[in-house]
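First the structure, in the form of structure tokens, and then the observations on it.
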Amino acid sequence: MGIEFLRHLDNNLVIALHGGNNLFLDKFAIIFTTSYIWIPLYLSLLLLIIKNNESWRKISLILGIFAVTIILSNIINNVIVKPSFERLRPFNDPHLHSLLPLINGYTAKGFSFYSSHTSNSFFIFTFLTLLIRNKTLSFSLLLWAITIAWTRLYLGVHYPTDIIMGVFLGISLAVLGYFSFYKIYKITNEHLHFISAKYTETGYSLSDIDTVLNILMLTLIYTMFHAIL
């Protein structure tokens, strides 16, 4: 009874949230969910970390834990979870196929449960929130992650429960990854907090953070501009 209710709710929500009736949103969702569009943002975040840490040992520790944790997340999803559940994506489900027409031909490979896009984006948001400690950047990355999650529903490639699980695991692994870094780094370094109007409490330059925010905004403007065309 409970499982059937959840399945019924999942189906109704994915139908309600599915797009296809707004040309601008259709194009916007496809562009926004495409990974390569965010390469400038990823590079700016990488540069932010490299530029604002005092040693290659610390930089390597941050990037190493970040990489290992996000790779672990994708292995858990693609090697263990998805093959175990074998949940068809909404647009491939025989019961929903006719109700969820493809939007501009957009599809996704593999199984549905759970959403890697959502998990990875919420991992990035959470890890960098804990690492950098800047409210404006955190809020901007949260909106970015939420929008990516929304595109997966809008395009009919994930169910709401896929998104919820992606959010949960992304945040959980990010917290695990960050506190692993914190514990390892604290063993040999006492100075983890900075007091300055030009830096966050963890030593990240506000002007460098502004550069990241500008790149995020320019990418959003680019996405909206191409969605209009």
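Glycine residues also receive a Cβ, built from the backbone N, Cα and C atoms like all the rest.
Annotations in TrEMBL come from automatic prediction, not curation.
Among the features that TrEMBL reports, transmembrane segment is placed at 28-49 (among others).
Marked as transmembrane segment by TrEMBL: 61-81 (among others).
Look at TrEMBL and you will find 63-178 tagged as domain 'Phosphatidic acid phosphatase type 2/haloperoxidase'.
Sequence annotations record features per position, and here TrEMBL assigns transmembrane segment to 111-132 (among others). Long-range contacts of the transmembrane segment (111-132) within the same chain, counting only residues at least 6 positions beyond its ends with a Cβ under 8 Å from a Cβ of the stretch, are 33, 45, 48-49, 62, 66, 69-70, 73-74, 77-78, 81-83, 85-90, 138, 141-142, 144-145, 148-149, 151-152, 157-159, 161-163, 165-167, 169-171, 173-175, 177-178, 181, 200, 202, 204, 209.
Sequence annotations record features per position, and here TrEMBL assigns transmembrane segment to 139-157 (among others). Sequence-distant contacts of the transmembrane segment (139-157), counting only residues of its own chain at least 6 positions beyond either end whose CB sits under 8 Å from a CB of the stretch, comprise 13-14, 17-19, 25, 29-30, 32-33, 89-91, 100, 102-103, 106-108, 112, 115, 117-118, 121-122, 124-125, 128-129, 163, 166-167, 170, 213, 216.
Annotated transmembrane segment per TrEMBL: 163-185 (among others), in sequence order.
Sequence-distant contacts of the transmembrane segment (206-228), counting only residues of its own chain at least 6 positions beyond either end whose CB sits under 8 Å from a CB of the stretch, comprise 24-25, 27-28, 31-32, 37-38, 40-41, 44-45, 47-48, 51-52, 132, 134, 136-137, 140, 144, 198-200. Per TrEMBL, transmembrane segment is recorded for 206-228 (among others).
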| said: For the domain 'Phosphatidic acid phosphatase type 2/haloperoxidase' (63-178), how many residues does DSSP put in helix, in strand and in coil? | reply: 85 helix, 0 strand, 31 coil
